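Listed in TrEMBL:
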- 14-40: transmembrane segment (TRANSMEM)
- 52-70: transmembrane segment (TRANSMEM)
- 106-129: transmembrane segment (TRANSMEM)
- 141-161: transmembrane segment (TRANSMEM)
- 173-193: transmembrane segment (TRANSMEM)
- 209-235: region 'Disordered' (REGION)
- 276-300: transmembrane segment (TRANSMEM)
- 312-331: transmembrane segment (TRANSMEM)
- 376, 405, 580: UDP-alpha-D-glucose binding site (BINDING)
- 405: active site (ACT_SITE)
- 581, 605: Mn(2+) binding site (BINDING)
- 769: active site (ACT_SITE)
- 840-866: transmembrane segment (TRANSMEM)
- 913-934: transmembrane segment (TRANSMEM)
- 967-991: transmembrane segment (TRANSMEM)
- 1003-1020: transmembrane segment (TRANSMEM)
- 1032-1052: transmembrane segment (TRANSMEM)
């Protein structure tokens, strides 16, 4: 009855009916207990009698009734078979007949009864979730009583279930594992089929649960899981697929905030908390628990059965299985309480934007980092700057700093051109509400919905702006020829020997790196440069000019002010370790402190741009919220990428990490810092403790020695602690200020200080981002994760296989460096949350898994030389455990896909590229850390090359380019071993005369080989180059290779034995002498 849509009561009132049944059953068992005493039998005898009465009532007795009915009507009943006696078996196994399954029609009714009760339990669990907010307490009690009946029936059928399991009935634990798995499969199926009901209920609940107007409709594209609006008149909005299973988790806080109305002077609640609906999170946690139990049972079973064809391999696999289980658990526990936080942009605007056009929002400094205008195409960097200058944030409240770590005049003059173009682009964006505000991305899409206020002028303005942008790109490209020509003309006129200076447009020598390097003007050796390209604007709006002959764009009703823009190239000298990106950002931190000293900072890589103009406001919502805002060190946004191939062959989007793992960390102490698209609290980077761990009488600065000898910088630190400071007053660049700026950019400034250790970004590690975020968490700060729609920021990613692997090598090598350093999360202090510590242990130690995984993936090589080799006996039980564990993993993944808003392809790509990384990259990372631990020089990490414009018109041309490197060879070896193993197994099966059991075991091993090849499939396409456009070629090649290897194996065996015997199922085989040509 559970399988029907509604509850069916066989008797009302149901509770009275159950009470009467319980009394009768209890009396029966009391009578039975007395009978046990006087009959001299055991409790087990009585229990087996009850069980087999129930089994007989569902299998044999209905057949007997049918027999009698047929005999009365036709005088011919059912034929009764004589009971066969036990006979000696071929093996020495006792009770062998007990485990023999002989299927007969009599068994089917009992199987149906058993299946119906299993399905009933699963469906009842599903109904309990779907109707959790609809059912009354009485209905829930009724459901619980009904489930007790189902469980009691299943306990009575336990002997029957063991019998139909055959030899697996020797291990009753298998039955107990399979039953919960079946429950969950039925439960999840019911949930998925009836999920529309839950979505309607969740939306209605959220619509009725808004409080005090803290959910508003104009949230700038922020992904709100349920509704925008609260109280009366709340209206439903379109629910994103990424948010359909999220429900509010802070109703009480919102209600309290609405009740106090801000009368106590506290800041408002500027974001909402959402949790995963119980529909998904409860089964997700239950599946995790069941899989953990299965892993423990599997490990115990293996320890109790130390049988294999080679104990050395057995011990390696035991250690590997333990490591895999431990790392899975470390990864999984961090995702058991995912939290989504949604900024309330409408309330932020209401609270901080003034009617006169001014704003009380705090000041922001934006950092962009680049090195080489060729390796990192300058057009990306300048688009990033343009999107920042045009962002929807008060013009006088943010400043942009470009750090050119190569000291290139190309970047400097490109920035001059960008500042000129911004005078057109930024007002155009404001006038027509352009999204996104990076011109390269904007003009690459043919059409977008118009949201501006001047539609009649849009088409002409758009054509004009597109033309201006094309001319701007031409001017940028021409810098690569204009500057050398200008410099050559000067050098020819001066005729100086030994030096060929690079000149600026005003005729002065460029103080940075020259085109023809010379002493004090080359990479790694040049003076520091600070140049304000755009001065800080006034705090009053400045309207533009109407359209004219010189300027066809009408900006008469548009504010044309531009934010402050600063160019920085730090000093570099031989003999100093300049610490790459981390060192450049620390210089930016000090220079910006002397100029604008904003309390908040956002950092970007040179190839990332602002995709959602309200992204800065979203980050500020978390920093200014009154609950945990003061203790928030940084707000991390997910990384999203353009120009990735549609199938995301190399998992560039990394959606499982950004949309599942980081949401899980968001429910603990916060996400880790991932390098770009992150808003920081400045004083947190200075190493200051968070307010909840800092006594009120402790100074922000503390010991000034760790910050260096600049008094101006040290004096700026207490001012930066004022997070509500909304006024920028940069000093005039007089001689004294320039001297201070030169000092804080000097190479010697950090000598004897804590910069790169406890202050600023951390040094001497490949993954300075993760370590810097860990240091902040270890100090007691928390972080927030902000996912928006449209995406806050977007960038470019490497779509070439080799470049992608180099990127992962740098990440994995840096993670191991962190694990084996004083920044190891195991030894962090008590301020680091326990679950956050677990997450960091997993994030830093994961490459070690490759040692064991590579062993497993190369193990099939034994097929080639030996044939069947059992790593664990009994092999079928071993495989059964593996299947259960793997199936449980995939089931957990399917639930995770739902609540994280992922696709099945995202999940598959994540699994595939984990295996590719574990064979190609992680072993190299392990080698790197082993070398470093022994005091040797580790592996050199190559910086990831950015996508550049292809010389052909073909899209995704880099995807089909093959760049051979040593990193590729281990994975190529794994592919070769598994293909050879498939061929050799086929050859041995045909030639070797295997038994049916051996054939079955071999087929299980072959499934493993095929599974490995499917996981490495993207890699195989990558090394095929342009042939990968036709994937069917790969499948043809693999089949041909398997056939060739199988024939070669048969030939080798024939030469050893002197004849070939091919075994066939019906004829028994055919023999041929080797002289026939084998």
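Every residue, even glycine, has its Cβ placed from backbone N, Cα and C.
TrEMBL annotations: computationally assigned, not manually curated.
Positions of the features from TrEMBL, shown on the structure.
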{"residue": "376", "record": "UDP-alpha-D-glucose binding site", "CB count, 10 Å": "23"}
{"residue": "405", "record": "UDP-alpha-D-glucose binding site", "CB count, 10 Å": "22"}
{"residue": "580", "record": "UDP-alpha-D-glucose binding site", "CB count, 10 Å": "15"}
{"residue": "581", "record": "Mn(2+) binding site", "CB count, 10 Å": "19"}
{"residue": "605", "record": "Mn(2+) binding site", "CB count, 10 Å": "22"}
{"residue": "769", "record": "active site", "CB count, 10 Å": "24"}
* Any contact between the transmembrane segment (52-70) and the transmembrane segment (141-161), i.e. 3 or more CB pairs below 8 Å with pairs at least 6 residues apart? -> yes
* Site diameter for UDP-alpha-D-glucose, Å, by largest Cα distance between 376, 405, 580 -> 15
* How big is the Cα-to-Cα gap, in Å, between residue 405 (UDP-alpha-D-glucose binding site) and residue 581 (Mn(2+) binding site)? -> 8
* To do: Name the one residue among 376, 580, 581, 605 whose Cα is closest in three-dimensional space to that of residue 769 (active site); these are the binding-site residues.
  => 581
* Measuring Cα to Cα, how many angstrom lie between residue 580 (UDP-alpha-D-glucose binding site) and residue 605 (Mn(2+) binding site)? -> 13
* Asked: Other than its close neighbours in sequence, what residues sit by the transmembrane segment (173-193), given a CB gap under 8 Å and a spacing of at least six beyond its ends?
  -> 118-119, 121-123, 125-127, 129-130, 154, 158, 161-162, 165, 279-280, 283, 286-287, 290, 293-294, 297, 877, 880, 884, 887-888, 891, 894-895
* the transmembrane segment (14-40) vs the transmembrane segment (1032-1052): 3 or more CB pairs under 8 Å -> no
* Pairwise CA distance, residue 581 (Mn(2+) binding site) versus residue 376 (UDP-alpha-D-glucose binding site), rounded so that it is a whole Å -> 14
* **Same-chain residues near the transmembrane segment (141-161), Cβ under 8 Å, at least 6 residues beyond its ends** => 2, 7, 9, 14-15, 18, 48, 50-52, 54-55, 59, 110, 113-114, 117-118, 120-121, 124, 127-128, 135, 175, 179
* Taking the recorded UDP-alpha-D-glucose site as 376, 405, 580, identify the other residues of that chain whose CB atom sits within 8 Å of the mean position of the site's CB atoms, giving them in sequence order. => 369, 370, 371, 372, 406, 581, 584, 943
* Asked: What's the CA to CA span in angstrom from residue 376 (UDP-alpha-D-glucose binding site) over to residue 605 (Mn(2+) binding site)?
  -> 10
